[in-house]
Ligand SMILES: OC[C@H]1O[C@](O)(CO)[C@@H](O)[C@@H]1O
């Protein structure tokens, strides 16, 4: 549900902004340009700061709230943080559904953002801590899977609400966000806290019992894992200032990854497609209906391809997926740029594409989206959430979330003007980053598959570059090997 509310918001805004009644009510100047002036340059049709703010304000709020949520997940537990997130989110959705002016609309989006910040902070940590390490990758990827389900549901909802007589369908679209919010609030009541969180709060016996319960084994069989958790918690307790600690030399590899992985995930340009697919397709000359339908198709591909990661990360490892996904994205991003350049050139003055041509464009976009969906999408959350030792986990996760939101915000902010300015070159712009990030992973990211979360130090100690940051004093036994 945490992923779903996030995904729903990602997918919903592009569709409603392509609905004429919504535009007319809140963004009359864009409406005029879009509806009345058919001759305008296609690349610049939707270039409006206030329209952009409608999409991007949510991510700015999520950025701020994930910093607060970091304190909350540590102090009050992961569960309560999820509950608070769900409730704030619900209020935001209701405000949006009944919006009568732009202020209500943007204020609602900001509340939704606060909810998203809390949920994305608390959920991946919760899942990583609950999961047995052999299945941690798969279970964590379900978070991204639910983001993609949320995006798809939003695309489908938009497709149907756009057809509602009277043009108030956008209210249903925006209000629909309240449904997963109710779920998450109710479910957060029922869920137990993680053993790690209980140990952090000194509830040792309860933590032990919880560990037996979630692993489904007897007290004796959880002994090793329990000792690991308690040791990690003690180390964590000695750390008074997780934020200051994060700057210590020994956490350098984690700090670098917690910043670069989410930043690079957004610099793949994925949200150009996710936020603005209907707008993008309209700019490419598709009709209203066809644009919303094409967004459903990209949403579907995005969701289905995420299953590859759910089943594949613990089998093939993180690195292989990252690298394969990167190469595939690069090729098809360049293909999209070439296809658009050939038809629209620099002037952008085309009113319609031949059908076969549009189909090829949509196919290339889908292949690009599928590559993202089994690589950077899920791994962008999984890898950061599994590499941090407990003593800095909440702080580092909140860096990951806020960097992700910052770049999501950035892409949402600049996309429409960049499309207008860079034209088809926009896709080349992102493909340069995709090339850089693929090389970065190849050189700097060690494989983390199958390593218990509290023993993760070993991967840095073995890495040709990162080992110089690791202190020598804490040699450990891992899987029988001294490291
Ligand atoms: O599935 C695509 C979605 O996944 C995310 O990258 C989050 O991991 C979003 O920013 C994007 O819209």
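Including glycine, each Cβ sits where the backbone N, Cα and C put it.
What TrEMBL annotates here:
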- 1-449: domain 'Major facilitator superfamily (MFS) profile' (DOMAIN)
- 50-73: transmembrane segment (TRANSMEM)
- 80-100: transmembrane segment (TRANSMEM)
- 106-127: transmembrane segment (TRANSMEM)
- 139-162: transmembrane segment (TRANSMEM)
- 168-191: transmembrane segment (TRANSMEM)
- 255-279: transmembrane segment (TRANSMEM)
- 291-313: transmembrane segment (TRANSMEM)
- 325-344: transmembrane segment (TRANSMEM)
- 356-383: transmembrane segment (TRANSMEM)
- 395-418: transmembrane segment (TRANSMEM)
- 424-445: transmembrane segment (TRANSMEM)
Problem - Of 50-73, 80-100, 291-313, 356-383, 395-418, whichever stretch has the most CB pairs under 8 A to the transmembrane segment (325-344) - result: 356-383
Exercise for the section: Would you mind listing the long-range same-chain contacts of the transmembrane segment (50-73), meaning Cβ under 8 Å and 6+ residues beyond its ends? Expected result: 9, 13-14, 17, 26-27, 30, 80-81, 84-85, 102, 105-106, 109-118, 120-122, 125, 197, 275, 394-395, 397-398, 401-402, 405-406, 408-409, 412-413, 415-417
Handout entry: Maximum Cβ pairs under 8 Å to the transmembrane segment (356-383) - stretch from the list 80-100, 139-162, 168-191, 424-445
Key = 139-162
Completion exercise
Other same-chain positions with a Cβ less than 8 Å from the transmembrane segment (80-100) and lying at least 6 residues past its termini are 1-2, 5, 26, 69, 72-73, 107-119, 121-123, 126, 171-172, 174-178, 181-185, 187-189, 191
Fill in the blank from the handout: Counting Cβ pairs closer than 8 Å to the transmembrane segment (291-313), the top stretch among 106-127, 139-162, 424-445 is 139-162
Completion exercise
Per the Cβ under 8 Å criterion, with at least 6 residues separating them from its ends, the transmembrane segment (395-418) contacts 46-48, 51-52, 55-56, 59-60, 62-63, 66-67, 69-70, 73, 113, 116-117, 120-121, 124-125, 242-243, 245-246, 251, 254-255, 258-259, 261-263, 265-267, 269, 271-272, 275-276, 279, 380-381, 384-385, 388, 426, 429
Handout entry: Long-range Cβ neighbours of the transmembrane segment (139-162) (under 8 Å; 6 or more residues past either end)
Key = 1-12, 14-16, 18-19, 123-124, 127-128, 130-131, 169-170, 172-173, 176, 180, 274, 277-278, 288-289, 292-293, 295-296, 298-300, 302-303, 306-307, 309-310, 313, 373, 377-378, 380-382, 385-386
Completion exercise
With the greatest number of Cβ pairs under 8 Å to the transmembrane segment (255-279), the stretch among 106-127, 168-191, 424-445 is 424-445
Problem - Same-chain residues at least 6 beyond the ends of the transmembrane segment (424-445) whose Cβ lies under 8 Å from its Cβ atoms - result: 256-257, 260, 264, 267-269, 272, 318-319, 322-323, 326-327, 329-330, 333-334, 336-338, 340-341, 344, 376, 383, 415, 418, 463, 465-466
